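Taken from TrEMBL, the feature transmembrane segment covers 30-56. The region 'Disordered' feature in TrEMBL is assigned to 66-91, 189-217. According to TrEMBL, the compositional bias 'Basic residues' annotation covers 71-86. What TrEMBL records for 195-204 is compositional bias 'Basic and acidic residues'. The feature domain 'Tr-type G' is assigned by TrEMBL to 232-440.
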Amino acid sequence: MCKSTIYIIYFLYRFVGEQNGKETFFLFFYFFYFFSVLLLFSNFSKKLLFFFYFFFSNLHKREREREREKKKTKRRGRRKKKKRKKEEKEREALRMNQVVISQTKSLLSSSHIYTRPFYLFPPTFEKSKMSYDDIENATPDIVIGGTLEEETEDYTYDVESENEQNDEKFLNESEAKGKKSVAFAGLDEEDEQKAEELAKREFEEGGGLPEQPDNPVFSELTPLSPEIINRQATINIGTIGHVAHGKSTVVRAISGVQTVRFKDELERNITIKLGYANAKIYKCNNPECPEPDCYRSFKSDKEIRPKCQRPGCSGRYELVRHVSFVDCPGHDILMSTMLSGAAVMDAALLLIAGNESCPQPQTSEHLAAIEIMKLKHVIILQNKVDLMREESALDHQKSIIQFIRGTIADGAPIVPISAQLKYNIDAVNQFIVNSIPVPIRDFSASPRLIVIRSFDVNKPGADVDDLKGGVAGGSILTGVFKIGDEIEIRPGIVTKDDQGRIQCKTIFSNIVSLFAEHNDLKFAVPGGLIGVGTKVDPTLCRADRLVGQVVGAKGNLPSIYSDIEINYFLLRRLLGVKTEGQKQGAKVRKLEVGEVLMVNIGSTATGARVVAVKADMARLQLTSPACTEINEKIALSRRIEKHWRLIGWATIKKGTTINPVV
């Protein structure tokens, strides 16, 4: 009876109260109450209450079914709405792709100032009389709207999409018929097999990727010898500049490799760890192929003589450079990571966004860092010129020239580019080839490698028999590493004894593999970024734990220092930090006894407490020991406003060594 009464009250409220208000509900409720009391003592009351119970419970079930159907209908509507939005986005993306292609075609044949690729040459440039020496010694200038040859009306714009014609045909048909559905033409299995066979045939026709010789005579080899350059990069170029100025985008435009790989980097769209990518730069052997269109870059596993991709050219590309890019983070809190990358750079690409004022804080800070490292070869890339007008671009160029005046980049070429649209990337390749010489390498010295990354390549759940040793990634400074060589890693495992003194246990192992990106090597020479596979416990290499270590031949590595005596030089003003009411940065105060600095020794970033200061000499006690040499240059940073800021540099004069534990 209680249950039936509750059902009756509930449905009186649902069907009476909601329709006519609370007063009508209470009126029916009192009527039902008195009616129940009157029938309480009669035999008919039970039957009546059961009738009410079944009647209203049936109504309740029907109401629940109606609500369930409403929810299903809403869900179907939401799904259809999402599907419609997705189709609209696909149609819009396809339409924008065709718009960009059509605009680019018109831009290439138009004479508007910012509607064609940009080339950096002197105003009196003559294609037939310009030599490589003239290009290298040219006065920095921007010629916008100039071309190297007249475009014809039937000029075919080279796009990345292999299905451009199919997409364009489908777009025209869909626009004519007014259809709302989108269908994309895909490749079936036969087309994929044909494409693979064609790529394989072109790879073989282009000479493939020859293996390295087993026993080369290193005294007869140079960094540009085919035995070396075909598979390994021989020069390191860093990308530096302010955050979000396009460093990773430039590397991707040149090498085709995405250096932003980690989850945090992808979510925040910034570089956090050092990125690395290799690229081969080719030049067409056809003398009629104009510059800089004759220069093209590919991934490092490209064949040695691919066909020229310029329409109408029958020549083949010849490999002229094999480059490793070190993609440095631009955020101010990641300055120590940038300084670690600067330790292996031979040259630098300084990215400056044209849509922001020059200089930005980290632009000046990174320029000072490479000046400390004595990098002599710098190319300045004025990025994002597709977002600018002629007057603002020329004014921005003047501000860049004023900014670099008196620095190590004074007189460096300024190349206007659009990394996102890949405008002028061929001109960047030309300047890399002609403006950045390959450093002289010593193949006969004892081998030594600076570690800037380390990995555990084993997948979770792998069998014990399939486990592999840790991998150390870095750049070889001197000498040659070969598979099977015995190596030593210093400082190794750092611990403390019972008395709290630091002790180091060096790691000994053998080289089991050598890689330059996807190319396996039999030997590795100085230059380029190399992955060294070892027999070291992979837990020691996981998550960059070997960063800052030095790998070399057993018994031929420098000493390990726990504290060092330095001859230091401080900057006049802080870079990247401005005080209120001043356009320039705050002054750098002198070193004080007891303060903690951050020092970058090679790729090692460690804390250092100032023990003593006298004139331009200071003694630093290192938080963690470092493997280094006397007269090596180091960078000094001070913690200011919760960030490490570059304040100067120093040269190691002497120090206290640690004898490693065997």
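Glycine too: its Cβ is placed from the backbone N, Cα and C atoms.
Note that the coordinates shown come from a computational prediction; the quantities given were computed from them, not determined experimentally.
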Legend entry - Counts of helix, strand and coil residues, the compositional bias 'Basic and acidic residues' (195-204), according to DSSP: 10 helix, 0 strand, 0 coil
Inset, instruction - Pull the DSSP breakdown for the region 'Disordered' (66-91) and write it out as helix, strand, coil residue counts. - result: 26 helix, 0 strand, 0 coil
Inset, instruction - Restricting to the domain 'Tr-type G' (232-440), report the mean pLDDT as a whole number. - result: 87
